[in-house]
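Record features (TrEMBL):
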DOMAIN    104-152  domain 'CTLH'
REPEAT    267-301  repeat 'WD'
REPEAT    312-353  repeat 'WD'
REPEAT    524-566  repeat 'WD'
Amino acid sequence: MGGVEDEEPATKRTKVSFEELRGLSNGSSFIEPVSASSSDLMARPLASEVDKEVVGSKGIIKRVEFVRIIANALYSLGYKKSGAHLEEESGIPLHSSVINVFMQQILDGNWDESVSTLLKIGLLDERIVLSASLLILEQKFFELLDAEKVMDALKTLRTEIAPLCINKRVRELSSCIVAPSQCNLVGSCSQDIVRSKSRSKLLLELQKLLPPTVMIPEDRLEHLVEQALLLQRDACIFHNSLDNEVSLYTDHLCGRDQIPSQTLQILREHRDEVWFLQFSHNGKYLASSSNDRSAIIWEVDVNGGVSLKHRLCGHQKPVCAASWSPDDHELLTCGLEEVIRRWDVSSGECLHVYEKADSGLVSCGWFPDGKWIFSGVNDKSICMWQLDGRELQCWKGQRTLRISDLEITNDGKQIISICRENAILLLNREANTERLIEEDQTVTSFSLSRDNRFLLVNLLDQEIHLWNIDGDLKLVAKYKGHKRTRFVIRSCFGGLAQAFIASGSEDSQVYIWHRGSGELIEALPGHSGAVNCVSWNPVNPHMLASASDDHTIRIWGLNDLRMKRKDTHSNSVHYCNGGT
């Protein structure tokens with residue numbers, strides 16, 4: 001059995017006009033449109049029953065809309081009697097009589113009558129009328145097929161759906177007659193062809209299509225309340241709580257006590273300046289590296305206490321960076337213009353040493369699958385190795401600086417590095433294309449957000465810039481207040497949903513800003529030397545670590561979570577109980 005094109009080529013079809021559509025429903029008579037105004041579609045209460053047209057202290061909530069939305073919520077919650085009583089007492093119906101008839105016709109499967117009633121609503125947008133008509137007639141078509149009334153379904157397709165002039169859709173529906181099995185093939189070209197859906201689902205689709213003044217969107221009140229709660233939460237610059245409960249009874253407001261601002265521990269195992277530190281992805285470990293040519297793996301216990309697990313020795317130069325494997329089972333450490341060492345986290349054993357003849361390595365990182373590693377080289381190239389040390393690829397040219405951060409996105413496609421003093425390179429290794437973030441000032445370091453959409457860039461002029469790198473490169477925020485004149489200072493994202501920015505500073509303090517507003521909310525004293533690096537625990541938003549030239553690492557937590565320990569300082573770990 002052929003499709004509709006067999007008898008009438010598509011080129012001969014003419015688009016049905018808005019007026020002609022009124023006669024499509026089995027010869028229904030011409031019906032004059034009513035006004036499109038929503039106020040004309042519903043009964044109005046008597047003047048004596050209306051105190052005012054708006055409610056609320058700001059005078060921006062229209063009374064009619066407010067009552068209709070409340071009634072809609074009552075019905076959706078199952079309180080049908082209460083909803084009906086509200087309509088009766090207020091004199092404001094949820095829907096006009098035309099809409100009520102239309103909805104019932106849809107639920108009863110009276111398709112021809114529902115198309116006719118659709119035209120009585122008075123919609124002036126022809127596209128909406130055509131789209132709604134197509135939804136109704138498709139439902140009719142599929143129900144006829146399901147009832148094995150193939151000829152009736154074909155007639156509906158030819159005489160009612162085809163004149164709507166949506167040729168591609170007509171061909172897809174025709175295939176359901178010619179090859180019914182094709183309608184249900186997942187992933188096929190006809191994947192959006194579905195058999196008859198429930199009529200209530202059709203009603204929901206029509207509800208989304210028709211103007212909200214005609215049919216109020218489902219769960220509109222719930223959506224408005226959720227939106228208000230989320231806006232309150234997002235506007236709260238101290239929101240950093242794992243407790244997801246937000247009450248309707250009070251406005252949301254957090255205090256400073258949600259920000260890790262209390263020194264809970266001081267770790268003293270390094271014998272020289274601590275240059276770098278980073279929490280593992282699972283938050284159970286902390287890696288630090290130092291000018292003393294060692295790195296340390298620290299273990300975080302269930303109560304948030306931090307203790308030494310392994311001291312990693314073997315580098316002949318200061319250790320400038322460390323990087324956790326995707327599964328946190330291994331750790332890379334990079335000596336300053338030296339070699340990269342790969343360590344087993346469980347045993348502390350060195351598994352492999354990566355080096356490049358006549359060149360020194362300056363940074364390190366893992367590919368997302370954990371099968372390859374990559375590094376910046378002091379000849380300004382970026383190299384990639386297999387775990388066994390075999391070099392796979394090397395990108396030559398001005399790819400990185402002598403001292404440079406290096407990141408790769410979670411999909412493994414983009415390598416990010418500082419390629420010039422004032423520029424960051426985003427290298428797409430698959431497409432072999434490059435993008436550049438160019439700053440007016442010298443770039444000293446950067447950090448990639450967990451979702452890979454943002455880059456935090458530290459500059460020589462004591463500013464930190466937030467760039468959106470998802471699509472077109474765009475500078476979206478600036479953070480100021482910390483001090484940087486001589487050293488490389490590193491910053492990080494952190495807190496719940498990475499809503500905060502933290503940074504070290506040469507004035508011995510840790511600075512914390514609210515990411516969205518840019519407001520500086522904390523400057524934490526305690527260190528006696530420049531704070532070189534900070535890292536926020538990705539699992540515990542109340543744990544922050546900082547590394548300093550004073551040879552120590554500080555673990556910061558909440559004011560009310562002071563750790564109770566015995567007065568012992570084993571492993572050169574000093575536990576603070578309020579003081580520093």
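Including glycine, each Cβ sits where the backbone N, Cα and C put it.
Because the structure is a prediction, the values reported are computed rather than measured.
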DSSP residue counts for the repeat 'WD' (312-353), split into helix, strand and coil: 0 helix, 23 strand, 19 coil
Residue distribution over DSSP helix, strand and coil in the domain 'CTLH' (104-152): 39 helix, 0 strand, 10 coil
Within the repeat 'WD' (524-566), residues counted as helix, strand or coil by DSSP: 0 helix, 17 strand, 26 coil
Per-region confidence, the domain 'CTLH' (104-152) (mean pLDDT, whole number): 92
